[in-house]
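See structure below.
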């Protein structure tokens, strides 16, 4: 491919990303509640107010065959009709109907369990609501979400990723470099791929058994029944079968490759490569990218492309370290001619990894500070840091060691120098391959870590403060911790002389979710202390989004104090003040005015595009340099 065509492809790819980035919505990983029809700690004063259907909207599609929602009273007796179903067009909303004949005054617990159809992860949680005139307890129970996936799942997936990389990258590298072995036997290569096929099947089985065990524990079912249900009805079971089938195809193709003396051996190698690529695609089917709200098929395709490039690079290093370097220990000439060829593959792979990785990071992070302030961002940063030594070692091989090999190869007969150079290459390429295994370990942990946009739904919210002067009365409203679920609402009222008003009959807050159409939900604040402070606690802000909040203070022999405003729940700390109004005592703004603001949506998109351009441009440049180096090497050694 000419440099002009390569430049055109780079520009076209970057232009496509430029159109896609601003419209991409953040992806979630794990199916967790996003909205409730009956929110955590909701209070229904009359049984007639209780909806007949309890619906929960999840961030991913729950598997209807194994997921459930259970509503039980204080005696653990179910009051739902055990009729779990998925409703709505996007398959993310699930519901059960409630048998109102069984409902009495009291506290009810909603327990839910989901296995995601998008990534196969299991989550469960619970929350409570009340029916009747009795008030919910002061120490209310917040909604709880627990991920059943753990570090064991990541450690089980690690050998799978290593085996897949060894198969895809090894088959690709062998197809490209086998002629440079000059007829040397490739038995070691075949044994490594056979072992990788076995490791892929074993790791896939362990992953499936861990999922089945989690399902059995959470659902209270025998392990055998959980395995049967998982394999027969869920995407996770289908993925396990795909991995077993591709492992068998790889093993069969490589075994035939070993015993076949001549003929179409290359077709068998391509068959193993194709089976490995299909196995990699099974990872993308059950990945965080499958839950991307915008063009999930594109996100899945880019995820697969990303790991194909990773496998070509890391798996190719495995091949060089375990097969090619030992076979060419006495031949620096073969190493000198092979290195530029592999450098071209590695450089192209790095370009693909960089561009697709930036796109996927944008999908999952969506904000620059998420790279440093969330577990997902930390895992990604560790993965990037682990990959840096690989890049440096690759540059050392291409820019320095290759030149030494060319010089030594031209001076034939100096066995000691030849052996020293090839031995040094063997050591450094093994070190680079070991670092690659570490990168795959970081990648396996990244697959079970919640993306930041989902983590923000679970972490404690920020302090909210709204201050206004209504008809000469200073009103300050505090909401803490300002997150979906249970919050404490505190209103402080002071007249112009700093004293509490004496004619307040009641203080009421009314909440309406502008996006979801939930509400109005009404709460009466209770007076405390000298009459300037009114407060209440409850789960009225049951979901993220824009909430219209109405403040109503009923006064005796005077007009009521009314004020309405909109608060965006889930976007961090917010303070609203009328111009010229002083901060009330005890209600100081907690924001740090010296803190530098993080880049906006558009600036982060521009940063992502800049990085993608730099990666693509750098890869195109070094790919061209590798081709020039390859031609110079062949000319020098001819």
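Heads up, the Cβ atoms here are built off N, Cα and C, so glycines get one too.
Where the annotation comes from TrEMBL, it is an automatic prediction and has not been curated.
Among the residue ranges 123-146, 339-362, 459-482, 483-506, the one that TrEMBL annotates as transmembrane segment is 339-362. A mean pLDDT of 84 is what the model gives for the domain 'CopC' (48-131). Within its own chain, the transmembrane segment (189-210) is flanked in space by residues 152-153, 156-160, 162-164, 166-167, 170-171, 174, 227, 230-231, 236-237, 239-240, 243-244, 246-248, 250-251, 254-255, 257-258, 272, 279, 318-319, 322-323, which lie at least six positions past its ends and keep a Cβ under 8 Å from the stretch.
Distant neighbours of the transmembrane segment (306-327): 164-170, 172-174, 177, 180-181, 184, 186, 188-189, 192, 276-277, 280, 283-284, 335, 338, 342, 345-346, 348-350, 352-353, 356-357, 360, 390, 422, 425-426, 429-430, 432-433, 436-437, 439-440, 443; these residues of the same chain sit at least 6 beyond its ends, with a Cβ under 8 Å from one of its Cβ atoms.
Ranking 158-177, 374-396, 433-450 by CB pairs under 8 A with the transmembrane segment (339-362) puts 158-177 at the top.
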